Amino acid sequence: MRLILLGAPGAGKGTQAAFICQKFGIPQISTGDMLRAAVKAGTPLGLQAKAVMDAGQLVSDDLIINLVKERIAEPDCAQGFLFDGFPRTIPQADAMKAAGVKLDYVLEIDVPFDAIIERMSGRRSHPASGRTYHVKFNPPKVEGKDDVTGEPLVQREDDKEETVKKRLQVYSDQTRPLVDYYSSWAKTDPANAPKYRAIQGTGSVEEITQRALTALSS
């Protein structure tokens, strides 16, 4: 099972990725983890990436693709892999295709943006304990206070509505076009293209997982 998981920030990709990886016995690969591992291992590509990052520059798509090819050749990828948050752009997708990276599925978790904004901007946390709440879906007993200590809850910077909207805009501009890229490739070249599947990402975690498994068996 070789797949790409697509979806906006806050669509619940992380939860579903963990379940899919466990179910199929495959590793979850993100470019961040991959870069850190290559740098730590001191591989030639890792050293190249480190030099670029130390200079405060972005790692090129070519280097990322070479790291991807190196990573998926490792023994734990024998049964497949799940790419989370990669590719992010059309040039990266083109580079993957040109490099001959074979994929079985592209699975999109589709959640309306207003639902994501409500989901993320409603989160509150108690930093000292790590307890989390949601103003609508899992509210504290007393508004704005931790259930156990009564201390004030905070909203993380990442969860502020303005920040969420900015991240969704970046997703719309850069990554959302991949949905059209993979769905049209699947229609025009079904023999070589990965199967493109989209599922609704609203409802309970169990419902979404069931939709994902059904999509990946069709």
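The count begins at 1 with the first shown residue.
Even glycines carry a Cβ here, placed using N, Cα and C.
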Annotated region 'NMP' segment (source Swiss-Prot; candidates 30-59, 60-89): 30-59
Swiss-Prot ATP site partner of Gly10, Ala11, Gly12, Lys13, Gly14, Thr15, Thr132, Tyr133, Gly203, selected from Arg2, Arg123, Arg156: Arg123
ATP binding residues Gly10, Ala11, Gly12, Lys13, Gly14, Thr15, Arg123, Thr132, Tyr133, Gly203: largest Cα-Cα distance, in Å and rounded to whole number: 20
Binding-site residues compared (Gly10, Gly12) - highest count of Cβ atoms within 10 Å: Gly10
Count of other CB atoms lying within 10 Å of the CB belonging to Tyr133 (ATP binding site): 21
By Cα-Cα distance, the member of binding-site residues Gly10, Gly12, Gly14, Arg123, Tyr133 nearest Phe86 (AMP binding site): Gly14
Reduced DSSP assignment, Gly12 (ATP binding site): coil
